[in-house]
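Q: According to TrEMBL, the protein has these features:
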type	residues	note
TRANSMEM	A:21-39	transmembrane segment
TRANSMEM	A:45-65	transmembrane segment
TRANSMEM	A:77-97	transmembrane segment
TRANSMEM	A:103-123	transmembrane segment
TRANSMEM	A:130-148	transmembrane segment
TRANSMEM	A:181-200	transmembrane segment
TRANSMEM	A:230-252	transmembrane segment
TRANSMEM	A:258-276	transmembrane segment
TRANSMEM	A:283-303	transmembrane segment
TRANSMEM	A:315-331	transmembrane segment
Amino acid sequence: MINANLKSTYAADERVLNNRYKQAFVYAMIAALALFTAFGNDYLILIASQMGILLIAVVGINILTGYTGLVSLGHGAFVAIGAYAVTIFGNLGAGVIPAGLMPFISVPLAVALAAAVGVLVGLPSLRVKGLYLAVATLAANFIVIFLIEEDLFAPWTGGMVGINTNVPNLLGWELDTKREMFGLIAVVGLVSLLAAQNLIRTRVGRAFIAIRDRDYSAEILGISLLRYKLMSFALSAAYCGLAGALFAYFYARILPEQFELALSLNLVAALIIGGMGRTMGPVFGVIIVVMVPELIKVLFGALAGDSAGAGQLRAPLQQIAFGVLLVLFLLKEPLGINQIVDRILRAANRWPFARG
Amino acid sequence: MGQFVQFAINGLMAGAIYALIAVGIVSVYKATKVVNFAHGYLIMFGAYFYFTFAVIVPGQPWAPTWLASWQPAWMIEMKGDLPMFSPVAAVLDWVANLPRILLGLAGALVCNAILGRIIERVLMRPLMGQSIFAMIMVTVGLISILSGAAQLIWTADAASVPYIAPNMPIRFELFGTMIFLFGTDLVNMFVALLLFGGIVAFVKFTKGGIAIRATAEDQSTAYSMGISVPKVFSRAWVLASTTGAIAGAILATRNGISPSLGLFGFSVLAIVLMGGLDSYVGVLIAAMVVGVLEAMTQWKMGGGWAEIVPYVTVLVVLVWRPHGLMGQKEVERI
């Protein structure tokens, strides 16, 4: 999509959305989301909300894995920290802070806490790389979930049985329906996506990319690995914390088992399926990761009805489908759906001339 | 003091099994440079295969009765006048179970070897020469596939499986306290250590082992010296899945069979990194240390905290020594 894209100033070249197609796409998305929030049916709103929450977390992991090149298999822990922190702050401050202001205080606090833990978990990244880091983050995930389940903290976290969450109240506007919540999720999701797109255009984002491409070379160019690797960890953890906060607001109850390894793997899988290091990658990935299990559920419902045997088969099948998708993409299209979409758009753009 | 010794011995016995599981991860890493995140799930398959051949198959109507429980005349005669809980009775029970234990072990070994080969052929071989990240992520995808498949295949509630060795209690006094052990745990430990030693010797001294080490050192040089690298890859995977089958059978008798057996793989992964990915000795030390630390944590702080011991130790060790206790430091060229 590079034709008819004349730029005569540097400012035009440095814009976040640097061509008309991107601008048009974003405005169209905003309009579509607004219409969907108003008129979409309840079931679709529920699915879309799940996608939106997951999307924010995947955008975060994209900053770390896609742009900085650090692998993490433990980002479920940061989602957990965000979700629990928002709930616990909400409960502790219930009488002290007016309810209408609560989310404006507890969400930033939760995000900051997730980022702080992110820095802590990221510390090994200075000395180890690749799979060592993957295992270190995996270990962090197990430890965080264990601490949440531990009896010692059960008065605050609710332990194994989980904890009831609060209804968000934005300056007196209680978001007690899923539709209202989806509105909030859509706005936050869109803003975080644009913020990520903006990030890679800045000095920090370019430093991340330099580290991904070759970290020693980046260091020689004057990029402090310590600072930028930790910054990347903090940013991605903050995104995941934000996703966690919305998760807690969206569901009536949160359980520690929702944030276990399965979630961390889901996040990474969504990123790989969608396409790493691309802004739209997380969007495509999240759509697949949420839709495929849902489709299997619908198909099963149509084929087998509600018999008990079908229910027993469904969960393993969803799991297998998920693994097969991840493996297939790695084998056949390691750059993800984004690459496929790019190819289609390129072909459409050049039609009827050479494709490729 | 006696308590300490008791828990230390328990820890060493658990550590030996960790070492046996770890040997699979190290072997695959040495040959193919892939860290197998799904190794725990291979072990889980081993456990389920053992369960299938040692419990389900002998329970079928078409199976001969001696398979389920071997009762020759001399055994019934011997058993007749034995007191309860005598060691001889435990041994006799074991002998009666022997046919199905052997069938279970053989079945688990063969099936897991086939499974390992299939994984290597279908998933890992096409990725040869691709980035390490892709290979690791394929093993992550394998986690979902294997755990889903296990739930799909073995839907029945898992019954208990026969012990691999006679399960008689052993008691003796040390430092004024009774030490209490089970015979089967001791045998498990010896089997695990023996296998570990056997594999180390295999890699060190045999032709196939030298091929594995040569491939680990430099793939293209190994190729040009006439070593078939793909063959080395599949040999390493088969080695990992067969040791995994034995480890799975042992774990099945210790912890019972459930899909959560796969999680063992992750704590063992932590142990492997702690010891150094390519060092058998380092991994053995790390496995023993973690086993003992876990037992001590269990003693002092309760069972829950023992779960996270491997993960906490790996974080500490990685910050202190990034390549593990005895791992080789990678030299990187820009």
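Numbers run from 1 along the shown chain.
The backbone N, Cα and C atoms fix where each Cβ goes, and this holds for glycine too.
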Q: Are the transmembrane segment (A:77-97) and the transmembrane segment (A:181-200) close enough that 3 or more Cβ pairs fall under 8 Å, when only pairs 6 or more apart in sequence count?
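A: Answer no: the transmembrane segment (A:181-200) and the transmembrane segment (A:77-97) share fewer than 3 Cβ pairs below 8 Å.
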Q: Can you work out which residues elsewhere in the same chain, 6+ from the ends of the transmembrane segment (A:258-276), have a Cβ less than 8 Å from its Cβ atoms?
A: 54, 57-58, 61-62, 65-66, 71-77, 79-80, 83, 137-138, 141-142, 144-145, 148, 240, 244, 282-286, 288-289, 322, 325-326, 329-330, 334-339
Q: Using Cβ atoms and a strict cutoff of less than 8 Å, what residues sit near the transmembrane segment (A:230-252) while being 6 or more residues removed from its termini?
A: 49, 52-57, 59-64, 67-68, 70, 72, 75, 78-87, 103, 106-107, 110-119, 121-123, 125-126, 164-168, 175, 178, 181, 184-185, 188, 192, 196, 199, 204, 208, 211, 259, 267
Q: Who are the chain neighbours of the transmembrane segment (A:77-97) in space, where the CB to CB distance is under 8 Å and they lie at least 6 residues beyond its ends?
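A: Counting only partners 6 or more residues beyond its ends, the transmembrane segment (A:77-97) has Cβ contacts under 8 Å with 57, 60, 103, 105-107, 109-111, 113-114, 117-118, 121, 140-141, 143-145, 148, 156-157, 163, 165-166, 236-237, 240-245, 247-249, 254, 256, 258-259, 263-264.
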Q: Apart from its near flanks, which chain residues at least 6 from the ends of the transmembrane segment (A:21-39) lie with a Cβ under 8 angstroms of it?
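A: That would be 1, 45, 48, 179, 182-183, 186, 190, 194.
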